[in-house]
């Protein structure tokens, strides 16, 4: 946090041979607002958490980005008293961070949060395949996504993080991994994805997070692991932090309102140091 301090001192000296009376005004300390840029995909925008911004504004994209007032970014901004520039957008890939989300980064940026990578390895395709096509095709799809991440994430994320650092050299950058989706049991919420498929998806999630963690650490950024705070609250859990299959399909298998407030937010607050 950057502080600007302004000290106003008024010294009044009375007229008289032996009398001098100083008067000192109270110090006026003004705190500059924290400049916070939130970037990322649907897990960052709050898809699944409801209450979406319909119209764009100076600091919100709105429209098809599924930006939620219940997402971790507005919640974190409120906690820190920060000025939020909410760039996260449903469906975003790494290329979209370059083209659409990092334009306002500067040396004056104090805090950045970032969640990206899942769409680059076909997260939505994995979920659709595992819901509709049976275990063999599901596992094949997960294996392919995992191999793709292992091959591409080191350079894909490494280059992105380097660009972010060059544009916002004074910012604390919090890079988030992805929470585990499944409790690895069956219920109506994960209809079509059996326990073996859930286990394979969760295992791949760990691999993706390890790749994200390594790239973030190499860049000098702070990795935020959401898995511990989401533990026990996956799909099928009582009071789940993750939506199961929803009629509003984009919300399926994404963190809900409780997931952002009780899963993501505590993890972020534990690491934010602005």
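Note: Cβ is positioned from N, Cα and C throughout, glycine not excepted.
The signal peptide annotation in TrEMBL covers 1-27.
What TrEMBL lists as domain 'SGNH hydrolase-type esterase' is 38-261.
According to its DSSP assignment, residue 42 (active site, nucleophile) is helical. The active site, nucleophile annotation in TrEMBL covers 42.
The disulfide bond annotation in TrEMBL covers 65-89 (among others). Residue 89 (disulfide bond) falls within neither a helix nor a strand when secondary structure is assigned with DSSP, and so counts as coil.
Under the heading disulfide bond, TrEMBL lists 130-138 (among others). Cβ-based neighbour count (10 Å, all protein chains) for residue 138 (disulfide bond) stands at 25.
The annotation disulfide bond is assigned in TrEMBL to 187-236 (among others). Less than 8 angstroms from the CB of residue 236 (disulfide bond) sit 182, 183, 185, 186, 187, 189, 190, 244, each of them six or more residues away in the same chain. Under the three-state DSSP scheme, residue 236 (disulfide bond) falls in the coil class.
Sequence-distant neighbours of residue 254 (active site) (same chain, 6+ residues apart, CB-CB distance under 8 A): 42, 43, 47, 48, 49, 242, 243. Taken from TrEMBL, the feature active site covers 254.
In the structure as shown, the Cβ atom of residue 89 (disulfide bond) sits within 10 Å of 24 other Cβ atoms. Counting in whole angstrom, residue 130 (disulfide bond) lies 25 from residue 65 (disulfide bond) by their C-alpha atoms. With a 10 A radius on its CB, residue 187 (disulfide bond) counts 12 other CB atoms from all the protein chains.
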